[in-house]
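Inspection log for the structure reproduced underneath, given as structure tokens.
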Amino acid sequence: MDVRSRRSTKSGPAEPIKALKKAHHNEESPKASDALPLPLYVTNVVFFTLFFSVVYFLLTRWREKIRTSTPLHVLTFSEISAVFALIASFIYLLGFFGIDFVQSLILRPTTDVWAADDEEEEQESILIKDDTRKVPCGAALECPLPQIAPPVVVSSKSALPKVIDTVPATTEEDEEIIKSVLDGKTPSYSLETKLGDCHRAASIRREALQRLTGKSLSGLPLNGFDYDSILGQCCEMPVGYVQIPVGIAGPLLLDGREYCVPMATTEGCLVASTNRGCKAIHLSGGSFSVLLKDGITRAPVVRFNTARRAADLKFFLEEPNNFETLTMVFNRSSRFARLQTIKCTIAGKNLYMRFCCTTGDAMGMNMISKGVQNVLDFLQNDFPDMDVIGISGNFCSDKKPAAVNWIEGRGKSVVCEATIKGEVVRKVLKTNVEALVELNMLKNLTGSAMAGALGGFNAHASNIVSAVFIATGQDPAQNVESSHCITMMEPVNDGKDLHVSVTMPSIEVGTVGGGTQLASQSACLNLLGVKGANREVAGSNARMLATIVAGAVLAGELSLMSALAAGQLVNSHMKYNRSNKNLTTPTP
């Protein structure tokens, strides 16, 4: 059998044996100081003291001779004695410390010792084998070592055992912490604070989880990730990270510039289809976008004793003179937050106030929440009977399909359009203008209306939005309202060419904060040229990212609709989006 083994960097079972044998060999080798009659420390102290004392005496005498112009070769009896004492002490010290060094060069270990070491290393390499037991790592430590079977010759490489990377064995200190977590003495969420090492905390938490559940996490990577970067910002109590492949669609020609669009997805055909749409747009002269609106929203809900008092606050907020004062209060929360509007609606004695503001290059939910809190504190001076029920009353509306977002917009409202040449429709998209226009009307418009869709008048906008969001560090949950889209297709130029557009009223994106600061997501933003905050024009990077999302959606809509019109959808998905793996193997 083809045995593949890795040298362990940890102390294995064979290392103590080797250490004992080497120690035994060293004990048999005679030392130069073994036969000294006096204790070593006594003789060493005497000769060290003699050596430095004589050196000091001679230097002092020679300095006096130089001052008095006495020849140096004229020596007194005391100086002659000092020279002999210096030579004697130097010979002793050289002999004592030099013989051990010479012995280490001359008296090498015998070949028998090295042969024994090689034999131990060979046994150690056999013991280091892949741990394929279906038990947690901690339980595996308590299990006896398996019997080593004799090697078996196999004729096929497919019969070789699969090599699985194992997690390094925990130290005694880590073992105590793991047991403390399992016993409930140490909260799992406090490991980062107590240890001061985020990677070590994740490793200990992971091992404790495996022992607690009895399930292996061998397929979930642990190493290769900066856990310090997510502390207190992106994720709590991490035990690893999930790998999602990132593909590139493009170049997307948008507003005269080319963009390579990163898409993180596990759906086959998605990147390829979007890439085909980008090609069709590029060959037709590119696409063009318009930013219609920019403003994130937050809508707190407050309650009064009567509906009349709720209406009084509504009228107060809608008064232009009062709005200027509220704007000053709101804008104090951040140098980027700028209040735009406050729209109110009443439900009985409850009032919902929908604040809308710009937030620079950040998506802005935290920023607007601070500004809203400032305004609520200010309003309670004039309306002390106002009871703040919640800073979010779902009139925002965040991460939920809502008509208010579809009509009023939330985040960035963008429309993107392109005119596709008839020749490109036929040669690249493999269909014709008439078929696309008819399919779009019956599917995206009539079909969605029959389904009672809210913002879903499109083929698959959420596919592209989700893929770009994950790749660039956006909030994937905000794909709900960010994917609101209506796709329009009309014949132009006497029916020869196709005008296609997507209108997306609530794209919620940012280029700073949240997941955008992670290394992988930051690299994807850098690829698009929108990494971080724009120092020249605040918010321009986030607005550009929103237009890129809309442009990618336009390409994806164009390609999928063409595949449907040409009857290619099933064939392409069977070719690129079908798994051939055996899914019947049980998971431990």
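First residue shown is number 1, and so on along the chain.
Backbone N, Cα and C define each Cβ position, glycine as well.
The following features are taken from Swiss-Prot:
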- 1-32: region 'Disordered' (REGION)
- 38-58: transmembrane segment (TRANSMEM)
- 82-102: transmembrane segment (TRANSMEM)
- Glu267: active site, charge relay system (ACT_SITE)
- Asn331: N-linked glycosylation site (CARBOHYD)
- Lys399: active site, charge relay system (ACT_SITE)
- Asn444: N-linked glycosylation site (CARBOHYD)
- Asp475: active site, charge relay system (ACT_SITE)
- 544-564: transmembrane segment (TRANSMEM)
- His573: active site, proton donor (ACT_SITE)
- Asn577: N-linked glycosylation site (CARBOHYD)
- Asn582: N-linked glycosylation site (CARBOHYD)
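A map of Swiss-Prot features onto the structure.
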{"residue": "Asn331", "record": "N-linked glycosylation site", "contacts (Cβ under 8 Å, 6+ apart)": "Ala337, Arg338, Leu339, Gly371"}
{"residue": "Lys399", "record": "active site, charge relay system", "contacts (Cβ under 8 Å, 6+ apart)": "Asp475, Ala477, Gln478, Val480, Glu481"}
{"residue": "Asn444", "record": "N-linked glycosylation site", "contacts (Cβ under 8 Å, 6+ apart)": "Phe457, Asn458, Ala459, Ile486, Thr487, Met561"}
Query - Beyond the flanks of the transmembrane segment (38-58) by at least 6 residues, Cβ under 8 Å - result: 79, 82-83, 85-86, 88-90, 92-93, 96
Query - Lowest local Cβ density (other Cβ within 10 Å) among active-site residues: Glu267, Asp475 - result: Glu267
Requested in this report: For Asn331 (N-linked glycosylation site), name the DSSP secondary structure in the helix/strand/coil scheme.
Outcome: helix
